[in-house]
């Protein structure tokens, strides 16, 4: 029996599921450490602002915001947490979760794939290297395929499904950055090519032009570091938004969304991210990173200076510092002590 043939659901043959998630430190400690992270890394000038779209190039390079939202709804922040930027690829795990909710996690894996490609986020070769055209929902090819599976009889209905779902994750109505959207529509030749290749492999659920447009729109929504923290905390809280208390997706769906974030959330540097930080994360060229600590909360960061892989440098530094200092790293255990 292959592991992919195993049941993909939240039933464990009648056995009660237990989770080991712990909790965040007291609120005073959390806010102190968030402020310390901002102070430590705010002067770092490494990296470059994305030049993919003119609107991104104009973002002030010194902006930096950190927000931690616990599953209890408490918000701790420092810096430019309300500055709005385009969500870009950080939208991917949330749309994937919405699609899993709609069609089932097993079907989503069969249609999209979940393994890391080890290649750049916009690689066409990754599709062709896979014998069946499946990649990963966290890279562009897999994300476009994911978006194509959104339910709806028309593209308007599909967009409403995506938009409403992302707004529910954020707990507020999001706005579309028309300038970025129009610029992307005029220049997204590579994504159009990716969609056509996917169509050739039979991996799209709708017309490639529609799939590319829907994907472009979802990436052009404005969010803040605070929004990302709330969205991450919703995944951390089993699909329930900790501010609105609305259930966005089922508890088991969060497992699958976090799993693909671990495999490819920071593209070809996902291994380095996991090695250093030990948590599911997702980055975007707009400068945002969302980090999720299951059962504890979501961390949203914004800083537009990026490394060569398109990941926010300050965001990575802040996540590394806070994952350990707040006790969120999934791979760190309590130090062993001899017991009498």
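Here the Cβ of each residue, glycine as well, is placed from N, Cα and C on the backbone.
Keep in mind that this is a model prediction, so the values were computed, not measured.
Take the substrate site that Swiss-Prot assigns to 89, 140, 191, 267: the candidate from 53, 215 listed for it is 215.
Long-range C-beta contacts of residue 215 (substrate binding site), restricted to its own chain and to partners at least six residues apart, with a cutoff below 8 Å, comprise 140, 143, 144, 147, 191. Around the Cβ of residue 267 (substrate binding site), the number of neighbouring Cβ atoms within 10 Å comes to 25. In sequence order, 121, 138, 140, 143, 219, 282, 283, 284, 285 are the residues of the chain that are 6 or more apart from residue 89 (substrate binding site) and have a CB within less than 8 Å of its CB. Each of the binding-site residues 140, 191 was scored by the number of other CB atoms within 10 Å of its CB, and the largest score is that of 140. Spanning the listed substrate site, residues 89, 140, 191, 215, 267 have a farthest Cα to Cα distance of 18 Å.
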